[in-house]
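> I grabbed these lines from TrEMBL:
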DOMAIN    45-133  domain '2Fe-2S ferredoxin-type'
DOMAIN    180-209  domain '4Fe-4S ferredoxin-type'
Amino acid sequence: MSEQTVAAGGGCEGCSCAGSCGSGGATADAAAAGSTAVLGTVTLEVLRYRPDRDGAPQLATYQVPYSTETSVVDALNWVKDTADSSLAFRWSCRMGICGSCGMMINGLPRLACETFVRDFASEGLRVEPLENFSVERDLVVDLEPFLERLTAVKPWIVPGEDAPDGSPGQEGYRQTPEQMLAYHDFAACMNCMLCYAACPQVNIAADFLGPAAIATAIRYDKDSRDCGEEGRMPVLDAENGIWPCTFVGACSTVCPKGVDPAAAIQQAKMAVSLSWAAEFVSPHKGAQEGRMT
């Protein structure tokens with residue numbers, strides 16, 4: 001693994017001086033630091049990799065200015081705007097809402113917009129793509145396997161026969177506060193995939209449905225407006241559904257929204273087990289399913 005180093009103040013906007021005129025560095029430093037005073041520079045290591053071109057990932061090192069308000073997203077944008085425009089990473093809201101900027105920061109899955117440089121000023125920062133995902137380029141990972149798992153659990157309200165159809169006079173879906181609270185804790189998932197990077201089983205069982213997808217399934221199963229539990233049950237009960245989970249709890253530890261997917265998985269195991277038991281003891285249904293003779 002090779003390294004390359006770029007210092008702060010690498011050039012001026014619209015100027016080819018490479019920082020020699022003295023203005024570009026100050027402008028870039030202020031942009032990275034935000035509206036507050038620059039406290040200094042921090043060493044930022046970024047794992048760079050282009051699979052179509054590079055033989056192996058390599059670390060690039062940058063000296064980035066920071067203030068008390070500088071997040072890791074700000075630092076990466078400073079690198080892209082000032083030092084190396086080829087750096088690839090995802091970000092959007094900068095507010096911990098969209099979940100786009102998940103990455104490994106000093107070895108742990110974190111949101112880059114909610115991780116502040118000031119907390120790592122003395123030790124420095126190392127930023128890498130999320131573990132357990134294929135890398136498309138630099139810090140950008142392939143989302144397709146995750147999206148396939150999420151889609152498999154039908155992450156939407158499946159209407160029943162008596163569902164509102166928009167006819168005049170219908171009140172639509174209504175819920176009591178108690179009905180809403182039944183799924184509220186699992187509804188905050190923003191699909192940041194930090195739980196997949198933290199989960200040891202995702203690394204071992206490549207087809208494991210995974211924490212976020214299972215938590216999403218439970219979120220809708222507990223929704224009084226939903227009638228899709230029967231369709232989700234076979235997905236959860238599959239070999240690579242809920243059963244690979246060994247309840248390590250790392251997924252819940254790293255969740256920035258406190259969703260507790262580990263608890264959702266245990267609830268899913270209980271629901272599947274009770275469903276199987278109900279079928280087993282019911283002579284009529286059990287015979288239909290071939291579970292009893």
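Just so you know, glycine gets a Cβ as well, placed from its N, Cα and C.
Quick caveat, the model's predicted, so the values are computed rather than measured.
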> When DSSP states are grouped into helix, strand and coil, how many residues of the domain '4Fe-4S ferredoxin-type' (180-209) land in each?
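So the counts come to 15 helix, 0 strand, 15 coil.
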> Across the domain '4Fe-4S ferredoxin-type' (180-209), what is the average pLDDT of the model, as a whole number?
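Residues in the domain '4Fe-4S ferredoxin-type' (180-209) carry a mean pLDDT of 96 in this prediction.
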